[in-house]
Ligand code: CP
Ligand code: NVA
C-alpha cells in the first residue's frame, strides 16, 4: 500500500491502516518476500549521534533491497563544518532517493523534510524514534499479540514518546511510569487519545507493571544528556527494571538498546528468557525495509 505521507518523521505520519499494512509487509519480508522497487536506489544517512542498530539495519536493509546506503557522519560532510542544513537538504535531494537522519533537534528533521526533494525518515531525534516503534510493534505482534498491555518504565524520552503514540494506533494498552520531572510531553498523550488510548501517567513503577504483559524501558541518560548524569541517576532511583519489580508478573521485557546494565535494567533481566530485545533489534531491519519500499518506492 503506497503511503500518503511524503516523509516519516514520527509514527503518526502514517495512518493506523497504513501502519497495520506496513507491519504485515514487514512480516512478509522477514519471511523472505522480496520487492524490486529499490534496486539501484540510494539512501543518504545523516548521523549527528552514534548508532549501531540504526546504521547497520538501514545499510544492510538497502543492500538486501538491491540498493545502496551512504553513511554521512558529522565529520564526513560540510554540514558538520558550517553548511546550513537547508542547503545540505536541497543538494542531497538532487542525488539520492531518500534521506534517513539521526539528529538532536526534532525541528531540524522537519527542516530537512521541507527542503529535501525526496522522502525523509527520522532515525531518532530528541523527541521521537518512529523506526524503533515500527520494530517494537512488529515484535509485540509476533510475541504477546496486540491485545497486550505494555508498561513503559523510566525516562519519558524519544523512544517512549513514539511508542505510546504507535501503541495507541495499534490498539495496544499502555501504562507509563516516569519520575515527575522526566515525563513525556502532554502532546504525546493528546495524540494517543486521538487514537482512543487514554494514558494516566504515574510516578509509581510498581503500579504501572501490575498486570502488564510487557515492561519496556530505555536508558536514563540519552545521547546528548551526559551533563545531566548525576541528577538523572538520583531522580530515577526506584525505576530500575529488575527481578524485584518483575516479581509477581509474567511480563516480557523490551529495551530498544543499547542498554546500560545496572542502571535502567539489570544484567540478569536482560539475559533472561523474558527479554525480547534481540527480536526488537532484528525487527528494525524488517520493519524499515517495508517502510523503505513503500515510502521511497512509490506506487
Ligand atoms: N535502538 C537504536 O536506535 O539503537 P542505535 O542507537 O544503536 O541505532
Ligand atoms: N533514548 C536513547 C535511545 C537510543 C537508541 C537516546 O536517545 O540516546
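One is the number of the first residue shown, and numbering goes on along the chain from there.
Just so it is clear, glycine is given a Cβ too, placed from its N, Cα and C backbone atoms.
Record note: TrEMBL gives 51, 52, 53, 54, 78, 102, 129, 130, 131, 132, 256, 257 as carbamoyl phosphate-binding, and the candidate from 229, 284 in that site is 284. Going by what TrEMBL states, the L-ornithine site holds 218, 222, 223, and the candidate of 158, 185, 242 recorded there is 158.
Of all the binding-site residues in the record (51, 53, 78, 256, 284), the one with the smallest CA separation from residue 218 (L-ornithine binding site) is 256. In the three-state DSSP classification, residue 51 (carbamoyl phosphate binding site) falls within coil. Residues 51, 52, 53, 54, 78, 102, 129, 130, 131, 132, 256, 257, 284 are the ones the record ties to carbamoyl phosphate, and the longest Cα gap between any two of them is 31 Å. Other C-beta atoms found within 10 angstroms of the C-beta of residue 129 (carbamoyl phosphate binding site) number 28, with every protein chain shown included.
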